[in-house]
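Only one structure is covered here, and it is reproduced in the block below.
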Amino acid sequence: MSQTVHFQGNPVTVANVIPQAGSKAQAFTLVAKDLSDVSLSQYAGKRKVLNIFPSIDTGVCAASVRKFNQLATEVENTVVLCVSADLPFAQSRFCGAEGLSNVITLSTLRNNEFLKNYGVEIVDGPLKGLAARAVIVLDENDNVIFSQLVDEITHEPDYDAALNVLKA
């Protein structure tokens, strides 16, 4: 199965399907800014916001990290995981320069399966191999309680919808 999103108005194909509310999140291991492996299970008992995007070096992606850094202070027992294919060095540099300390950046550097398993792998077009823009919210038991695959990659996600699920 696949889905279609758009990049600058042009259709691009995304492999698989984003997890839907009510489904169980798949386990994953990604790379932290210190190059250590970080697993989903390390956040057991906390709610998770997965802010998934192509690259921190684009304006819209950077804006989403800044916004989720701010929103992270508004919800309890919640971690915000910002996931991209960027090298951990770039993620760390960006967050350090911006003074962002309420989000955790994770890289798909050693795990391209994450993109496939979470239905965000762009498989054609100029962004082939990167992640489509998506937000997935998990409860304390890793059940999906909200997901959004953003139709136009150059647009920001629906922050209010994700926040409302966490405040419900």
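Each residue's number is its place along the chain shown, starting with 1.
Cβ coordinates are placed from backbone N, Cα and C, and glycine is handled just like the others.
Across the domain 'Thioredoxin' (19-168), the prediction's mean pLDDT works out to 93. Positions annotated as domain 'Thioredoxin' by Swiss-Prot, on the basis of sequence analysis: 19-168.
What Swiss-Prot records for CYS61-CYS95 is disulfide bond. Annotation for CYS95 (disulfide bond): same-chain Cβ neighbours under 8 Å, separated by at least 6 residues, are LYS33, VAL65, SER101, VAL103, THR105.
Classification of CYS61 (disulfide bond) by DSSP places it within a helix. For CYS61, the entry in Swiss-Prot reads active site, cysteine sulfenic acid (-SOH) intermediate, with the evidence type sequence analysis.
All protein chains considered, the CB of CYS61 (disulfide bond) has 24 other CB atoms within 10 Å.
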